[in-house]
Amino acid sequence: MEKTEKIEKNVWKLQDGYEIPQIGFGNYNSFGEEEINAVHWALEAGYRYIDSASCYKNEVEVGEAIRQFGGPREEIFLLSKLWPTDYEHAEAALMKTMKELGVDYLDVYLIHWPGTDETKRLHAYEQLLPLREKGYFRTLGVSNFQPDQMERLKEVFGEYPVINQMECHPSFQQREISDYCKAHEIQVIDYRPINRGAYAQDVKLQEIAAKYGKSVQQVVLRWHIEHGQVPIPKSANQGRIRENINIFDFSLTEEEIHFIDSMETGQRAGSDPFSYNG
């Protein structure tokens, strides 16, 4: 992904020709009016990539917030995900997601987890190919996949997924996966990008933040973008929502990037894709 020209537009170019905003808004574990307000505030603040999933059980609220905000559908970059228990009936799951969101297409649809059953994983991907051709979604990707699993998709279907969404933060960077993805033009999206505020008290990060007049969270989010990846922070706080997207008026030095790189501990915070089946 060429960073130079794309920084100005705040988007990355995908291998299939579409563009993805360099930051998105996550929606896990937020419901009802709180969720509607959060998405509405995010759109007001300038987010255009809204990250959703059927398993979050709040796609009705996400859709309502988008409707309340108004504006052309094509200005919103909408992503959702297929849950493992739906791998045998992917089309029905996709139709339900679009109905709940109140849209007639998605920008991106991901297979949420690889699961431990390769046959089911491949069958899910196979079902999604004709649905992409019908225009129900534009870009097909995966989430939490390992390099060998993405390589297997290439072997069987003749294509790499366009996107791989994964857990990524300074403590758990998964560089082997992101390096593989970059080598094959697979865009990486980072969930849990600030690890729920785990770095707020780090003295060195506080010094970097003070230098730019930013918060530690903003510095960490900027670090994701410096690596050519897409962080998807989530918050239900209007001030924090606005703060998280205000990261396009500064850049980190190589030394600062390397310092944050050095914070790697190998400690995963979320579920383990090697054993998780949904």
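Using the three backbone atoms N, Cα and C, a Cβ is placed for every residue, glycine included.
TrEMBL entries are annotated by machine, without manual review.
Taken straight from TrEMBL:
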type     : residues : note
DOMAIN   : 33-263   : domain 'NADP-dependent oxidoreductase'
ACT_SITE : Tyr56    : active site, proton donor
SITE     : Lys81    : site 'Lowers pKa of active site Tyr'
BINDING  : His112   : substrate binding site
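Annotated features, which come from TrEMBL, shown on the structure.
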residue	record	DSSP (3 states)
Tyr56	active site, proton donor	helix
Lys81	site 'Lowers pKa of active site Tyr'	strand
His112	substrate binding site	coil
**Prompt:** Residues with Cβ closer than 8 Å to the Cβ of Lys81 (site 'Lowers pKa of active site Tyr'), same chain and 6+ apart in sequence?
**Reply:** Ser52, Ala53, Ser54, Cys55, Tyr109, Leu110, Ile111, His112, Ser143, Gln165
**Asked** So what sits near the residue listed as 'active site, proton donor' in its own chain, CB-to-CB under 8 Å and at least six residues off in sequence?
**Response** Asn27, Tyr28, Asn29
